[in-house]
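A short worksheet on the structure shown next.
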């Protein structure tokens, strides 16, 4: 995918309130664009998604929308889903390690995501040749392409070397993600009414990419083997290289000075950004929801590897023994259900108060987790429900609930970001979320190990899943940390936010953004 040539040559990646794109040719505002395309006729219903995309492209710029498709759809959606299935089989069939060990390795995948504030600081504070985004897209693409090709073409690698390659692949996705997230964060601040739409677009792109990745992963594993299939993962980062070469970006027209002065200015900007982040995270309206988001992820310990080893083991007398192709199909149908979850949120739930929506979403998340328990105890067989039908139903319900639970937390995160360091601070919030995911992977691995769930012994797997579900429901006791406001309301007072940024000590705080709006900037 490439941005429209005309648009990419004439518009910045993010829009400004004063830009001509903010108004219709007849002078009418598009700041509340939903009414323009919400019709009730059958034809309008069919055209609505395309009109919605057209509205977002006009309001936020075509290249921004294309960037979301590339990074969220191809790099995160397709690559993430394909990576998940292929690496599961790689550790199980090629390296032959225990499920608790795999949980530990999967936790290490999140280290690049935990480091997102570092990537955010680099893109916000340290432009390369005057560009804040292009060099980091190219860096991410090269890193991911090389890592994927090494693990796919080098024969059986040592466990440590393979793990380094996998971390390199996830690092490439994380770096590319930071630059797009910064644009999303700023647009969510400037266009509050479009914040849910942007997250819906991100969720939709990720789900479509995941659908393709999951539906093709089993076929590639069957024909190429788990290791050979990893070579496909070189395609998404290669596309990110192309994005870095062609994406429109304003070049900073900074005053050329001595190297010493440039270094001093960079250090001052870095110090101001770090100080601004520190002061912002101390605001109760910020640290309380951030703490909840961490706890909601950390307490939901992951049991994925134990369940994966169980339902793909062909030697179990009473196991489902799913094939590689069927596992991919399960995840693919789940990706379709994830799209349904995005649509449900976008059409019915996006205006609900954060606390109310997250309470019921977390409650459903805990209750629907009991379906895994029913499946592992084989209760579905006792009432005559086939394994294939039950597991597909469970996957669909789980994906819909997970998406409805996740999107409002991301929308809330974008509303907590201060102007000027929105890219870096959003990366910090996503770092907290990634640390929560790392915690649930390692916590799940520890529980699997304590209860002796191995490659062949699954007698206590049901107990591990039960503990996970109880912890999910226990998270509801922390729901008071979420602000009881709807997405259109201000969460952080404007004067408090302004004081926070000014106190960062950076005279150019307003310029700590991915796109500069100075009229003197040059392309």
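Note: Cβ is positioned from N, Cα and C throughout, glycine not excepted.
Automatic, uncurated: that is what TrEMBL annotation is.
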Correct range for transmembrane segment (source TrEMBL, candidates 291-311, 396-416, 417-437, 438-458): 291-311
Matching range for TrEMBL feature annotation, transmembrane segment, among 18-38, 39-59, 228-248: 228-248
Annotated stretch (transmembrane segment, per TrEMBL) among the listed ranges 159-180, 269-290: 159-180
Feature transmembrane segment in TrEMBL, mapped to one of the ranges 357-377, 462-482: 357-377
Highest-contact recorded stretch vs the transmembrane segment (291-311), from 64-83, 134-153, 326-345, 357-377, CB pairs under 8 Å: 357-377
The transmembrane segment (64-83) touching the transmembrane segment (228-248) per 3+ Cβ pairs under 8 Å rule: yes
Outside the transmembrane segment (159-180), six or more residues from its ends: residues with CB under 8 Å to it: 67-68, 71-72, 75-76, 79-80, 83, 87, 90, 95, 97, 105, 108-113, 115-116, 119-120, 123, 132-133, 136-137, 139-141, 143-148, 150-151, 233, 236-237, 240, 423, 427, 430, 514
For the transmembrane segment (357-377), sequence-distant contacts whose Cβ falls under 8 Å of one of its Cβ atoms, 6 or more beyond its ends: 292, 296, 300, 303, 307, 310, 349, 387, 390-391, 393-394, 397-398, 401-402, 404-405, 408-409, 458, 461-462, 465-466, 468-470, 472-473, 475-476, 479, 482
Intrachain neighbours beyond the transmembrane segment (134-153), with Cβ under 8 angstroms and 6 or more residues off its ends: 79, 119, 122-123, 127-128, 162, 165-166, 168-169, 171-176, 178-179, 227-234, 236-245, 247, 249
